[in-house]
Amino acid sequence: MTQPDITSIASCAMDLADTARRLARSHFRQVTAYDRKADDSPVTVADRAIEAALRDILRQRFPEHAILGEEEGLSGDSRNLWALDPIDGTKSFMTGFPLFGSLIAFTRDRLPTLGVIEIPATGERWSAYSGRTFFTQDGQEQQAAVSLCQTLETARVYTTSPDCFSAQDLTRYNTLSRKAAVRRYGGDCYIYGLLASGFCDLVVEASLQPYDYLALVPVIQNAGGIITDWQGQALGLHSTGKVVAAATPALHERALAILNA
């Protein structure tokens, strides 16, 4: 079977991101009710509606492709797989905080080749494919690039929440982050966009699922950064969910050394 080229994949991904933006905006600050999933995490009608709409588009465009989504799980079996997180940051979304996002990844033979971070409330988008990462807002597009930060002592460090870490890993993270120039919490996928654009230098997280991190891999790598698990291994479908993303190899190596001390 002929494989779709990256141009058609990217075109579809942008349509998916546009759909996610439209639907998320229509529900944002209108939806406060939520249910609890089996893992006790919250889910809203918006999460489900967005994923359903994205799956419909993919079934029409690429019916032979597999889809992994946060709300509906895995469907299909193919070397071509899409990973969807309709609302990354549901707690932010349901409390009116605008820095939630939608994540879209395309993988071929388990390798992430395209990633999109869509921030519906602000109209910002990071899209990565064909070796480059682009940032777009208000119709303006520019190529994204990470900072040149080499040292932890001058770094701006982010994580979404201390709650993502085990007690032992939180101690390790605190040891690392307290050496940094700036340490901040919050942001979910948004902070990886900030890293890709040079506004922060290091992100450390845990407890992520493949639909949380697969889209981030091309965004960070194509902007010149490094993103791995805590052992320095490439991220894939079966990674542990512990993520380190850094602007430079030196900063990445320093972070790994502290996290594994």
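Just so it is clear, glycine is given a Cβ too, placed from its N, Cα and C backbone atoms.
The feature Mg(2+) binding site is assigned by TrEMBL to Glu70, Asp85, Ile87, Asp88, Asp212. In the three-state DSSP reading, Glu70 (Mg(2+) binding site) counts as coil. Around the Cβ of Glu70 (Mg(2+) binding site), a 10 Å sphere holds 23 further Cβ atoms from the protein chains shown.
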Listed in sequence order, the residues of the same chain lying six or more positions from Asp85 (Mg(2+) binding site) whose CB sits under 8 Å from its CB are Gly69, Glu70, Gly101, Ser102, Leu103, Cys189, Tyr211, Asp212, Ala215
The sparsest Cβ environment within 10 Å, among the binding-site residues Asp88, Asp212, is found at Asp212
